[in-house]
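Read the structure below first, then the notes.
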Amino acid sequence: MARLAPHTLLLALFVFLFGSCTAQNCTTNNLQVTYPAPVAADGWEYRLISTGLTAPRSIVFDSTGGLLVLDAGVGVRRLTLQDNGGTCLSVTANATLIADTALNHGLAISADGGTIYASTVNDVYAYTYNEQTNTVDPTTRRTVVTNMTNTDHVTRTLLLSSRLPNELLVSRGSAANEDPQARNVTSGHSQIRAYDISTLAATDPPFDFVAGTLIGWGLRDSVGVGENPTNGGIWSVENSVDDLTREGVDVHQDNPGEELNFHGILGNTANQGGNYGYPDCYALWSTAGFPDLGALEVGDQFASDNATAGVTDATCNTNFVDPRLVFQAHVSPLDIKFNTNGTTAYITFHGSSDIVSVAFGLNGQPTSPMDSTTAANNILTSPDLTQCPDDCFTPVGLTFDTIGRLFFSSDSTGEIFVLQQSADDGNGDG
């Protein structure tokens, strides 16, 4: 085995402990990760600001600057932050607002700050929130959406629209790797639906999940759902199928691609309610060695070996909605958030321990073509994927604060980080 030079060993140790280089000096926060530190791209820096959580998933700020965290298996926490500028933040208080071990992922807060929404596998709850006292009265809990229980994919992502603040979107995944019930729109499986919560009177029963406006179906597990602030476009990121074969040949290593899907604009039926193909059709990522490739290109849909009789590659590309972009197989995208001018979407890749950016144009669409394999640009990565998933950060939820810093959760490590663009080359302080 070749021996590394002393300076190489020192550099490797430095990256392990501190990331690609040192971030701004911060005397109020000396937290460090206990695994190989993530590496920030040029022009970015990050800092670990909270540890000791159980499994932090969705995160969102309240109007007074408190960071609300859906800590799966615990409930909803509120972190009070001391802000010394840049990435120099630290947590001065960690309070449990809602204690409910059934809460597992979804979290949203109303535009007026007075209502917190959180989800279990079966229900979406609304709680009255007092932002002045930073408290929730548990007796105010009300079920607003119900009847969502299924096995396998049990998270229920929540998004409150900024364009139409009374519209609550809920994403529900499949009950199996390839779920035959998802072929039936009345099953509610593998769908995103929207609900006008302003129409729910105090004495009304909750919405049944399948009663919501259909935003999209044939979506295996679209955990990440986001809204482009410039035009209100709704986007989701799809976790596609595992263990895929094509004409009996194992192609699962690089196919199918994970997906970025467009669902139109709330209040406008164009591009809304379409079927995206699951479980009959999947999107092509790698063409190398793909059986019966024919004229298929990256991003095209192809028929599953288990597809309904009569479904072919041709019908997959004419009868179903194609993804706008595809990503490497099995990166497991879990959230998508846009910057304020809608020029960039940020996406967490839970499976590959990355945070990436995707460029958007003034038309509200990605600037990359549908067949691109380079649309996702790494912002934060793990230095050694051979150590994953046991010894890596695993990003889940994203949220921006009022000055544009990007915060994210890492569920397997129980951590919260802050990430921002900097004037220096790539840096970080794990």
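These residue numbers are counts, starting from 1, taken along the chain as shown.
Even glycines carry a Cβ here, placed using N, Cα and C.
These features come from Swiss-Prot:
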{"type": "BINDING", "residues": "R57, H153, R220, H330, H350", "note": "pyrroloquinoline quinone binding site"}
{"type": "BINDING", "residues": "S240, D242", "note": "Ca(2+) binding site"}
{"type": "DISULFID", "residues": "C281-C316", "note": "disulfide bond"}
{"type": "DISULFID", "residues": "C388-C392", "note": "disulfide bond"}
{"type": "CARBOHYD", "residues": "N25", "note": "N-linked glycosylation site"}
{"type": "CARBOHYD", "residues": "N94", "note": "N-linked glycosylation site"}
{"type": "CARBOHYD", "residues": "N147", "note": "N-linked glycosylation site"}
{"type": "CARBOHYD", "residues": "N184", "note": "N-linked glycosylation site"}
{"type": "CARBOHYD", "residues": "N306", "note": "N-linked glycosylation site"}
{"type": "CARBOHYD", "residues": "N341", "note": "N-linked glycosylation site"}
{"type": "SIGNAL", "residues": "1-23", "note": "signal peptide"}
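Separation of the C-alpha atoms of N341 (N-linked glycosylation site) and R57 (pyrroloquinoline quinone binding site): 25 Å, rounded to the nearest whole number.
In this structure, of the recorded positions S240, N341, the smallest number of CB atoms within 10 A of the CB marks N341. Neighbour list (N94 (N-linked glycosylation site), Cβ cut-off 8 Å, at least 6 residues apart, same chain): S50, R77, R78, L79, T80. When the CA atoms are compared, the recorded positions lying within 10 A of S240 (Ca(2+) binding site) are R220, H330, out of the candidates N25, R220, H330, H350. Residue density at H330 (pyrroloquinoline quinone binding site): 20 other Cβ atoms are found within 10 A of its Cβ, drawing on all protein chains shown.
DSSP assigns C316 (disulfide bond) to a helical segment in the three-state reduction. For N25 (N-linked glycosylation site) paired with N184 (N-linked glycosylation site), the C-alpha to C-alpha distance reads 56 Å. If you measure from the Cα atom of N306 (N-linked glycosylation site) to that of C388 (disulfide bond), you get 31 Å.
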